[in-house]
Structures are given as C-alpha cells and as structure tokens.
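Report on one structure; see the data block that follows.
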C-alpha cells in the first residue's frame, strides 16, 4: 500500500489500493445527501429552540459525515489517492465523537427534569465527566488521524491508526459507562416516584418519552458502529472487514444515520422546550406544570 500513491486503475491492481474496491457511487451519494438534509434540520431546530451547545457539536459531526462520504465518492475513480482516503477515513472516524458530545449534554437536563434527588451526581457533574471523556476520545482519534496523514512510512501510519483505535475504544467505554449511569438513574426514578406519579401523568410526558427513546436508540447505534470500527481498524486496511463495503454501509452509514435522525427528529426540545441552556427555566416550567 505504501507504494501505491502513483498508481491508477489502469496501471495497478485494486489489491494495491488503500481500499481494495471502488466505493459504490449511488450508495455514498445517498448518505452524503441524507446527512446534508439532517444538517439543515439540525441547524433549523437549534435556532428555533436555542439549543446552541447541542447544535454546535451535532453540526460539526454532520459536516464531517458529508465530507467523509464525499471522500468515498472521489475514491471510486481513484482508490489509490491517499488524500481522498484520508478524507474518508478521518472524517467518518471522528464525526460520531461530536454526536456523543451532544448525547452527554442531555443527561444533566434529564436529571433536572426528573429529579436531582434520584441522581448520584449533580447535573453539571455528568456534563463535565462525559464531555471530558469525549474530548479525550476526540483528541486521540484526531491525533491518530494527523499522524497517519503526515506519515511517510508504513510503520508510522500504523502507529497513527493504533492511536485512532485507542480513541474509539475509549469512546465505547465512555458510552457504556454513560449507559450504566443513565439506566441506574432511570431505575431510581421509577422506584422513587412510581409509575403513576404526577410526572408520569403530565401532558408533556409522551414528548419526553419520545426523546428518551430517541436518545437510547442513538446511544445503541453509535455503540454498534464504534465497536465495528474498532474491529475494522484492528484488522488493518488489507483485512476482509476493512474492504467489505456492505458491512460499512450498514454498520457505519446506517447506524450513524439512525442516530442522527433520532437526535434531530426527536430533539432535546421535546424534553426541555426552549430552555436548553437555562436549568432554572426548566425547573420553573416544571413547577408551572405541577400547578
């Protein structure tokens, strides 16, 4: 692979390319267009509901998804092009770290809505803990991508990929820990309030349940995707899994698409309305609902 930079489809076999197949143009255009549409939706909902700190990481991740699939489209004509390969590899690898940042910001709001008395941590503590974990994951993945992009020898490129894998593993561990704490909090709420508490009977409850369902789906799909990418990168770029486009389209493209659709269509506004950045306003609205 290290000697393929000057190759073309006419001069070298596909086995020498960075990916040993020509990406399907139609499939990758579909994902590019889908993420572009979700991007527009995310910007719109972010502006309407003033959820700036949620919108910014989501928009950043969606832009990276669009760029990543553009890289795959370009690879169709020349899978030997290292720049296009990096565009695809780095962008699609690190983009979900921005989506998990948005997810992590939600748990503190959930605790504010359903009751701090049932939580082991203060709402802000969840934010600080998991956003820090997400930053570590993102830094590792970005650093690995940077090393891979500037490396002139295969051994250094492999080092960069290994650092990216470490970032992905850290992302998986963080998501699992987040899920455990979120589930434990949910159990505490149900035990403490019961199934027929005033909170459960509020008219807005169906919206909040819809949001929680969407958030849960997003967490599960990103977990599946990140586990797949760890296995893919561990096997190396020449492995069967790394060159299985159908697996990538399903376990990368479809999983992240579902996550982004959930985080946009079932927006946190279903939980907190226009009070995303103001916990006091969330508490005030809850008091008004109880009256």
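Every residue gets a Cβ built from N, Cα and C, even glycine.
Lifted from TrEMBL, the feature list:
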type: TRANSMEM; residues: 29-49; note: transmembrane segment
type: TRANSMEM; residues: 56-75; note: transmembrane segment
type: TRANSMEM; residues: 87-107; note: transmembrane segment
type: TRANSMEM; residues: 128-151; note: transmembrane segment
type: TRANSMEM; residues: 163-185; note: transmembrane segment
type: TRANSMEM; residues: 206-226; note: transmembrane segment
type: TRANSMEM; residues: 246-266; note: transmembrane segment
Handout entry: Region pair the transmembrane segment (163-185) / the transmembrane segment (87-107), three or more CB pairs under 8 Å
Key = yes
Exercise for the section: For the transmembrane segment (29-49), find every same-chain residue at least 6 residues outside the stretch whose CB is under 8 Å from a CB in it, and list them. Expected result: 55, 58-59, 62-63, 65-66, 69-70, 73, 249, 253, 257, 260-261, 263-265, 267-269, 273-274, 276
Handout entry: Surrounding residues of the transmembrane segment (87-107) on its own chain - C-beta under 8 Å, 6+ positions past either end
Key = 53-54, 57-58, 60-62, 64-65, 67-72, 74-75, 123, 126-127, 130-131, 133-134, 137-138, 141-142, 145, 148-149, 164, 167-168, 171, 174-175, 178, 181-182, 185, 215, 218-219, 222, 225-226, 229, 233, 252, 256, 259-260, 263, 268, 271
Completion exercise
Tertiary contacts of the transmembrane segment (246-266), defined by C-beta under 8 angstroms and 6+ residue spacing from its ends, are 24, 27, 31, 34-35, 38, 41-42, 45, 58, 61-62, 65, 69, 92, 95-96, 99, 102-103, 210-211, 213-215, 217-218, 221-222, 224-225, 228-229, 232
Handout entry: Sequence-remote partners of the transmembrane segment (56-75) [C-beta within less than 8 Å, at least six residues beyond its ends]
Key = 18-19, 22-23, 25, 28-29, 31-32, 35-36, 38-39, 42-43, 46, 81, 84-92, 94-99, 101-102, 253, 256, 260, 263-264
